[in-house]
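Novice: One structure follows; several queries about it will come next.
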Amino acid sequence: MEPSPLELPVDAVRRIATELNCDPTDERVALRLDEEDKLKRFKDCFYIPKMRDLPSIDLSLVNEDDNAIYFLGNSLGLQPKMVKTYLEEELDKWAKIGAYGHEVGKRPWIIGDESIVSLMKDIVGAHEKEIALMNALTVNLHLLLLSFFKPTPKRHKILLEAKAFPSDHYAIESQIQLHGLDVEKSMRMIKPREGEETLRMEDILEVIEKEGDSIAVVLFSGLHFYTGQLFNIPAITQAGHAKGCFVGFDLAHAVGNVELHLHDWDVDFACWCSYKYLNSGAGGLAGAFIHEKHAHTIKPALVGWFGHELSTRFNMDNKLQLIPGVNGFRISNPPILLVCSLHASLEIFQQATMTALRRKSILLTGYLEYLLKHYHGGNDTENKRPVVNIITPSRAEERGCQLTLTFSISKKGVFKELEKRGVVCDKREPEGIRVAPVPLYNSFHDVYKFIRLLTAILDSTERN
């Protein structure tokens with residue numbers, strides 16, 4: 001699931017420290033890492049929030065003209081600067097030529113989604129005809145489950161991780177109820193072992209092996225929203241197929257974050273949103289994938305006009321010519337204004353490439369982990385200082401850019417103090433603070449400054 005072997009983050013930090021004749025925690029290491037960063041120019045493609053504009057900022061603690069430390073791309077990505085330009089292009093076209101905009105221009109409205117789908121294929125590792133840009137994530141999940149979840153008396157379960165994102169949980173629960181099944185019997189959730197935060201792959205594979213004959217669909221998140229755990233998508237897919245199950249994934253926290261190869265991994269179906277790592281703005285246009293092997297066998301349960309072949313769509317004879325594959329699942333006219341914001345971001349990804357972004361991300365988050373463990377690891381019974389625990393897996397192949405932190409003191413106070421100092425992250429129940437340095441627009445110096453602020457907050461808490 002990873003690019004070719006590369007220098008481990010801790011080794012890179014120590015190498016640079018040796019070259020500079022300084023401690024690995026020195027600020028000069030962060031600055032050198034930024035100098036060596038081949039992707040640093042892409043930060044200029046985004047608007048970075050200023051300290052003065054943040055609602056929870058304490059201006060007595062910061063320089064109001066400084067950029068915020070924005071570590072929340074796992075919730076909402078920053079705005080690409082070209083979004084306004086692309087929106088204005090379509091608004092101007094609408095104003096000047098009205099309905100002619102459906103057929104002319106850079107993004108003809110009738111094929112607005114299709115005009116940018118080629119930019120998505122390398123991000124998810126799929127053929128163009130396997131991808132549709134439409135709707136919102138949970139809408140797409142419902143549409144996909146209506147076609148892939150066909151329970152029988154013997155094979156009636158959907159397998160998912162416990163504490164999946166609520167929207168996934170509700171969607172699966174309601175799909176089971178739609179078929180008149182008992183949720184308690186047909187919704188199979190895998191929990192971490194007692195005392196552990198994340199799932200072990202061997203436990204997932206064991207459940208699939210033992211219960212697979214009764215499982216209709218295996219449906220996991222690609223990367224867990226709370227723990228930050230990246231699941232082994234090809235291994236889960238292979239195990240599910242060996243037992244005759246369809247295998248699908250919610251890639252909300254994986255797309256644009258880690259490398260994906262949905263076609264080569266033989267995933268049956270997947271869906272994702274675009275407002276996190278894909279930076280399309282709140283409620284942005286979502287995506288869906290169906291493997292080409294299902295193009296002529298899996299049909300949409302609900303059909304609309306935009307699932308009809310374009311070549312005969314305007315014959316108006318009400319004789320459906322369904323587009324094979326996932327594009328037959330499209331129901332309505334693509335929302336061109338949402339297409340614009342996604343277009344602006346996908347062009348940046350095309351220039352940066354997922355392989356290069358992932359390589360930087362491994363180093364960036366590894367540097368964050370190194371500093372956290374250096375300053376705030378250990379056992380609070382030994383040193384009586386507040387301790388930061390990282391519940392996200394330490395191995396790069398088992399996580400994306402996000403680290404989920406828990407504290408030996410109340411997270412609410414820590415979070416409030418971070419906000420006052422211009423750190424944009426979030427807290428998630430029950431105990432986590434999520435921080436996600438994004439390689440497109442975050443720097444190693446951002447990480448260094450975050451650690452300085454966190455350390456000052458925890459030191460102050462200790463003194464008080």
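Residue numbering: from 1, along the chain as shown.
Cβ atoms are placed via backbone N, Cα and C, with glycine included.
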Novice: Check Swiss-Prot: it lists Leu137, Thr138, Phe165, Pro166, Ser167, Asp168, Asp250, His253, Tyr275, Trp305, Asn333 as binding pyridoxal 5'-phosphate. Then name which of Ser115, Ser221, Ser361 it lists for that same site.
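Specialist: For pyridoxal 5'-phosphate, Swiss-Prot names Leu137, Thr138, Phe165, Pro166, Ser167, Asp168, Asp250, His253, Tyr275, Trp305, Asn333; of Ser115, Ser221, Ser361, the listed one is Ser221.
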Novice: Closest of the binding-site residues to Lys276 (N6-(pyridoxal phosphate)lysine), Cα to Cα, picking from Leu137, Phe165, Ser167?
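Specialist: Checked the binding-site residues Leu137, Phe165, Ser167; minimum Cα distance to Lys276 (N6-(pyridoxal phosphate)lysine) goes to Leu137.
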Novice: Work through the binding-site residues one by one (Ser167, Ser221) and point out the residue whose CB has the fewest other CB atoms within 10 angstroms.
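Specialist: Taking Ser167, Ser221 as the binding-site residues, the minimal 10 Å Cβ count falls on Ser167.
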Novice: I want to check the contact list for His253 (pyridoxal 5'-phosphate binding site): same chain, sequence separation of six or more, C-beta distance under 8 angstroms. What comes out?
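Specialist: Non-local contacts for His253 (pyridoxal 5'-phosphate binding site): Asn74, Ser221, Gly222, Leu223, His224, Phe225, Gly228, Lys276, Tyr277, Gly400, Gln402.
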Novice: Please identify, from the binding-site residues Phe165, Trp305, the residue with the sparsest Cβ neighbourhood, meaning fewest other Cβ atoms within 10 angstroms.
Specialist: Trp305
